[in-house]
C-alpha cells in the first residue's frame, strides 16, 4: 500500500511522499555510524514488538573424537528478550508552505524532515554505543563481558597505533580474528591524522591496514574513548522492525505534523568480540 492510501487525509501526493522518504533516508545515511559495520537483521515487520537474543560465552570449544558423541553443553549460555523501542522525532509541514508550493509549482522544502531524520539517526547511534537503561539494552561501550584497554598518550606519535595493536591482540587471544572495525571519539580520531614516527605515513593509514572493516568517528563518543569490534552477525547485529519510516499524524491547527521513526534494537551475542579503549584519567 502506498503512503497516500495509508494516509488518505495527508496533503501529500505519492510523488511528495516518495521525495519525503528519499530525503529522510539520505539524511539518516549521512549521520549513521553503527550501521557501517553492524549487519542488519530484518526488517521484521511493523507488528514485531520484541526479539530474543542468544548470548554466547567463550568457554565452549569444538570437540574431536572418533564417534562424535553428543555434546551436552549448550552453545548459547543465555537467552534474553528485548523490547524493540521506537526511536522517533516529529516535525511539522505548515499549510502556507504547502499552498505556496502548489501555487508556484515548486518542490516542497523537506529540510525539516531531514533534520528530524538526523536526530533519530543520532539517537540510534547513542543506543548502539551506550545502550538504554530504560529498556535494559546494553551498548558497545558498557556491555558486561567486553574487553577493555587503557590507552596511553596519543599526542605522542606512535602511541595510538601501539594501543590499537594491543587492543586487537586482546581480541585475537579470545579467538576473534576479524575483520575489525574501529570507532573513535572525535578527539582521538583527529590525533590519528599525524605522521607516524620514523615514516612518511599518517598513523591512520597504518591503522587501516589492521582495521579492515573501517575506521570511523562518532559524536556520541566523548573525550578520549573508542571501541574495536570484531564484526559479523555471529557477534552482533541490529534487529529492525521498521526502518526509517515517515507517518502522517493528522491535521492540527491547519498545519500538518509528521513523524520520522524506526523500531530497532542492538543484539550483542558475543561481548568478548568488543574491546573498548579507555582513558585512564577519566
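Every residue, even glycine, has its Cβ placed from backbone N, Cα and C.
Per Swiss-Prot, site '3-fold pore central residue' is recorded for 9, 71, 251, 252, and the stated evidence type is experimental evidence. For 200, the entry in Swiss-Prot reads site '5-fold pore central residue'.
Scoring each of the recorded sites (9, 251, 252) by how many neighbouring Cβ atoms lie within 10 Å, the top position goes to 251.
Other C-beta atoms found within 10 angstroms of the C-beta of residue 200 (site '5-fold pore central residue') number 6, with every protein chain shown included.
A coil conformation is recorded for residue 9 (site '3-fold pore central residue') in the three-state DSSP classification, outside any helix or strand. Cα separation, residue 252 (site '3-fold pore central residue') to residue 9 (site '3-fold pore central residue'), rounded: 12 Å. For the recorded site, residue 252 (site '3-fold pore central residue'), the DSSP three-state label reads strand.
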